[in-house]
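Some features that TrEMBL has for this protein:
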type	residues	note
ACT_SITE	THR243	active site, nucleophile
BINDING	ARG271, ILE272, GLY273, ASP274, THR345, GLY346, ASN347, GLY348	substrate binding site
Amino acid sequence: MWESYESQISRKPITQPRIIIHGGAGNIRPETMPPERYQLFRASLLTIISKSHRFLLNPLPDGSLPTALDSATYAVTLLEDDPLYNAGRGAVFTRDGINELEASIMITNPTRWPKRGVGVSGLRRVKNPIKLAAELLKRGGQDLVGKGVAVEDVEGAEGRLNVPSAQGHTHLHGAAAEQLAEAYGLELVDPSYFWTKDRWEQHRRGLEREKAMAELTCSGLHGCGTPAGTASWSSDEFIPQGTVGAVVVDAYGTVCVATSTGGLTNKLTGRIGDTPTVGAGFWAEEWLEELEGQKAGSSSCPAVVLSGALKGLVADCLSTPRMYQLGSSSPKRVVTKRAIAVSGTGNGDSFLRTTAARTVGAIAQFGKESGAVALTKVTGPGGELQRSAGDRWGKTGEGEGGMIGIECIVVYDGDGNAVESRSEILQDFNCGGMLRAWVDEQGVAFMRVFRKDPALAAKYVGEGIPEDPQNWCGEKL
Ligand code: ASP
């Protein structure tokens, strides 16, 4: 059955391309986010979402449309190059004052790139970690059989690690990963490229706060009524958990998630977080669902009788312009493919302990929930992440975070032809705010940090206001 549906991939467009990006989540509140700083994020996010959306819709010389993999890599590269975010150029420091970068990428289907998902960590010299992750994924077909690029081919390779290719490995760390980056011709930089004043000051303040906390003689995390904090988190400051991410569905129904980070401020040197760890900070997968009842379709709808999670996503297809109509067919039977990809940001150790991203996928698949419900159960207020913090919630940053994602549903007739499709942008968080932007079904761009709240909308000009991406495709304002 899979072959029948997979053979459709990359032949003809079957759905409307969509994109959502994030620039981190955490203790973002009016007290920790001055309006001037908000405007910097707003201009950056709207510019990057608009450029990435244009990239996604721009046909390639052979007439095909860009893949979700290339589009998500493009978006995250722009985010990594902007020092506002805790990724690439603006990465945070470890306790030892070092930048150690991490990234990952994953796609929902294995047809073109069988490796599907990879993570990289412990990078000190790779300018754009996301490009390394993407390269490792694209080369997966060769790597899986041990025939990838030979590092001996690189000038001056003597005396270095024996890294003939990425092999079938899913996660590569440190020197081995950097050798492959060099072998692939990716740009390496001096570690000083990642030094920024803001991050250095946050690093120093964090260590001082930790020292001050240690000197308090009061018992308990909030014992003296003073603001709580650690070297990595503060109740009265937004210490960037500013990981960046992009989730894209391309015209061919593949969903890709790309995520990149400097990790937690003042993490231990050598710590590996959720961002490069499959299932914790990112996940992408697809599966088929046989529908409970089917009957012959009409020209306008395959008349599917939908079960569980699919109700409300596809069942209302006739009444909404959001459904991507693919022409008439007479299905003998109906099969639905659900694809979902999510990118997380927040306290990575909590994401690791709850395998947060994979849990979203599992709830959607085995719990028969919509992607939106599944994501909220994990990362929404009172969800699994918050629950995992126990009585430390609100005191250490544990459990805090958010996620973005896309669910794409394609309905196939009995001959394996896609007859209808629909995608849904997913987003939720359990903390003060999540920096995010997306393009809706009508091609309108939005940027938001908070939940809908008239008081916050008045304070933060532009919050949630519809924008024409065309107006944001130039350089950052
Ligand atoms: N999740 C990241 C980490 O813990 C931090 C972030 O999202 O900003 O490494």
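Glycine is treated like the rest: Cβ placed from N, Cα and C.
Note that TrEMBL annotation is computational and uncurated.
Here the structure is a predicted model, which means the values were calculated and not measured.
Shown here: features listed in TrEMBL, placed on the structure.
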residue: THR243; record: active site, nucleophile; DSSP (3 states): coil
residue: ARG271; record: substrate binding site; DSSP (3 states): coil
residue: THR345; record: substrate binding site; DSSP (3 states): strand
- request: Scan ARG271, ILE272, GLY273, ASP274 for binding-site residues whose C-beta lands under 6 Å from an atom of ligand 1 and note them, or write none.
  value: GLY273, ASP274
Task: Report, in whole Å, the straight Cα-to-Cα distance of the residue listed as 'active site, nucleophile' from ASN347 (substrate binding site).
output: 10
Message: Using only C-alpha positions, which one of GLY273, ASP274, THR345 is spatially nearest THR243 (active site, nucleophile)? These are the binding-site residues in the record.
response: THR345
Query: Taking the Cβ of ILE272 (substrate binding site) as reference, which residues of that chain separated by at least 6 in sequence fall under 8 Å from it?
result: GLU102, SER121, GLY122, HIS173
Field: Fewest other C-beta atoms within 10 angstroms, as judged across THR243, ASN347, which are the recorded positions
entry: ASN347
Field: Cβ atoms near GLY348 (substrate binding site) (within 10 Å, other residues, all chains)
entry: 27
- request: Check each residue in the chain of ASP274 (substrate binding site) that is at least six apart in sequence and keep those whose C-beta is under 8 Å from its C-beta; list them in sequence order.
  value: ALA280, GLY281, GLY344, GLY348, ASP349, PHE351, LEU352, ALA356, ALA357
Sparsest Cβ surroundings (other CB atoms within 10 Å) among the binding-site residues GLY273, GLY346: GLY273
- request: Which residue among the binding-site residues ARG271, THR345 has the fewest other Cβ atoms within 10 Å of its Cβ, if you could check?
  value: ARG271
Message: Among residues ARG271, ILE272, GLY273, ASP274, THR345, GLY346, ASN347, GLY348 annotated as binding substrate, what is the maximum Cα-Cα distance? Answer in Å.
response: 16
